[in-house]
Amino acid sequence: MNLKEKTRALFAEIFGYPATHTIQAPGRVNLIGEHTDYNDGFVLPCAIDYQTVISCAPRDDRTVRVIAADYDNQVDEFSLDAPIVTYDSQQWSNYVRGVVKHLQQRNNAFGGVDMVISGNVPQGAGLSSSASLEVAVGTVFQQLYHLPLDGAQIALNGQEAENQFVGCNCGIMDQLISALGKKDHALLIDCRTLGAKAVSMPKGVAVVIINSNFKRTLVGSEYNTRREQCETGARFFQQPALRDVSLEAFNAVASELDPVVAKRVRHVLSENARTVEAASALEKGDLQRMGQLMAESHASMRDDFEITVPQIDTLVDIVKATIGDQGGVRMTGGGFGGCVVALIPEDLVPAVRQAVAQQYEAKTGIKETFYVCKPSQGAGQC
């Protein structure tokens, strides 16, 4: 039974009437462009075929009822006429409540909804299960009540909910790719203008995601430290964001910066340039150049931004040794664990799977999880 069938069946069983709509919003993987989003830079993600699915129907009152199928059918119920506050003992509820609260501030022309939510985006793997949920909930209200909101506004609304209501700092990339993803394409996103350009993926290329299953512990505190270091760098150059600093300008005065801040700035500037070049390499089907850029990106995250861990570096080395120059591999996501992403010819997938299975656990004591994904469509009815 797929997620659509599962949520529709549960909806009818619990609420006693059929759902009118089923909405999906995908998770994502970022091919290149790491920690560039909050510096107003470029990212190159694609939506993946793992998603949050919500079966839903409008109500004729002002109540929102939510069932979380993946959490033993836990229930959340709240009124649109009372202040929406956090639900401290049920964390998933806060993503729903935050989205609805921020939607009210954007466009209050909607009423109550019944919904049943289920998803298969791996959690805690850096594949944006939370953004997928936020965009799915926003799309539910937009579709049921014909709200005049486009994908970018639904994405911004989800980001606001996560930053201000849930209390987790994040850039705009995760929500934007979930809302705007295009089948068989990656999107080159300008995080300043929110402009997105579809970049076709070469035929016969697989997007492989391997979760290191190394438990991320530092991610929150270190993420915020990296943001502060980048802001310090932008202030040094008297620019609103590192997006506005050229590598030439940086190289001329790098020795005057705090050495750690200088390394952080160099990563962001070089990563931005790599990301723009990667989009054109991908468009041309130049997997060899894409592989070089991904390797440079990983080295920069390891040495300049210092967000990889030995387990992730081991995974990257195993994959790289298997594929040579036929494609690329790098850490993806916030860092300190999580996943690596590889772009490889489909016929190399079995060899990569085998090499990782034979070597990763032997070297680290941790068993990986292996996903082969397709670049998928963004949020909408399913």
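Just so it is clear, glycine is given a Cβ too, placed from its N, Cα and C backbone atoms.
Annotated in Swiss-Prot:
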ACT_SITE  Asp174  active site, proton acceptor
BINDING   Glu34, His35, Thr36, Asp37, Tyr223  substrate binding site
BINDING   Gly124, Ala125, Gly126, Leu127, Ser128, Ser129, Ser130  ATP binding site
BINDING   Ser130, Glu162  Mg(2+) binding site
SITE      Arg28  site 'Transition state stabilizer'
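Recorded features from Swiss-Prot, shown on the structure.
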residue: Glu34; record: substrate binding site; Cβ contacts under 8 Å, 6 or more apart: Glu271, Ser297, Met301, Phe305, Ile307, Arg330, Met331, Thr332, Gly333, Gly335
residue: His35; record: substrate binding site; Cβ contacts under 8 Å, 6 or more apart: Arg226, Cys230, His267, Val268, Glu271, Met301, Phe305, Ile307, Gly334, Gly335
residue: Thr36; record: substrate binding site; Cβ contacts under 8 Å, 6 or more apart: Phe42, Val43, Cys191, Val268, Glu271, Asn272, Thr275
residue: Asp37; record: substrate binding site; Cβ contacts under 8 Å, 6 or more apart: Val43, Gly171, Ile172, Met173, Ile189, Cys191
residue: Ala125; record: ATP binding site; Cβ contacts under 8 Å, 6 or more apart: Ile209, Asn211, Gly333, Gly338, Cys339, Thr369
residue: Gly126; record: ATP binding site; Cβ contacts under 8 Å, 6 or more apart: Arg216, Thr332, Gly333, Gly334, Gly337, Gly338, Cys339
residue: Leu127; record: ATP binding site; Cβ contacts under 8 Å, 6 or more apart: Gly27, Arg28, Val29, Ile48, Tyr50, Val121, Ile209, Gly333, Cys339
residue: Ser129; record: ATP binding site; Cβ contacts under 8 Å, 6 or more apart: Gly27, Thr52, Gly119, Val121, Pro122, Gln123
residue: Glu162; record: Mg(2+) binding site; Cβ contacts under 8 Å, 6 or more apart: Tyr95, Gly98, Ser130, Ala131, Glu134, Cys168, Cys170, Gln175
residue: Tyr223; record: substrate binding site; Cβ contacts under 8 Å, 6 or more apart: Asn169, Gly334, Gly335
Practice item. For the recorded substrate site formed by Glu34, His35, Thr36, Asp37, Tyr223, name the remaining residues of the chain with Cβ within 8 Å of the site's Cβ center, in chain order. Key: Gly33, Tyr38, Asn39, Val43, Gly171, Arg226, Val268, Glu271, Gly334
Exercise for review: Take the Cβ of Ser130 (ATP binding site) and count every other Cβ within 10 Å, whichever protein chain it belongs to.
Suggested key: 24
Study note, to complete from the structure: For Asp174 (active site, proton acceptor), the nonlocal same-chain Cβ neighbours (under 8 Å, six or more residues apart) come out as Arg28, Pro45, Ser128, Ser130, Ala131, Gln159
Point to revise | Per DSSP, three-state class assigned to Ala125 (ATP binding site) | key: coil
Revision key, fill the gap. The largest Cα to Cα distance in Å among the residues Glu34, His35, Thr36, Asp37, Tyr223, listed in the record as binding substrate, is 13
Practice item. Rank the recorded positions Arg28, Gly124, Ser128 by the number of other Cβ atoms within 10 Å of each Cβ and report the first-ranked residue. Key: Arg28
Exercise for review: Can you see whether DSSP assigns Asp37 (substrate binding site) to helix, strand or coil?
Suggested key: helix
Exercise for review: Around the recorded ATP site, report the further residues of that chain (criterion: Cβ within 8 Å of the mean position of the Cβ atoms of Gly124, Ala125, Gly126, Leu127, Ser128, Ser129, Ser130; site residues excluded), sequence-ordered.
Suggested key: Gly27, Val121, Pro122, Gln123, Gly333
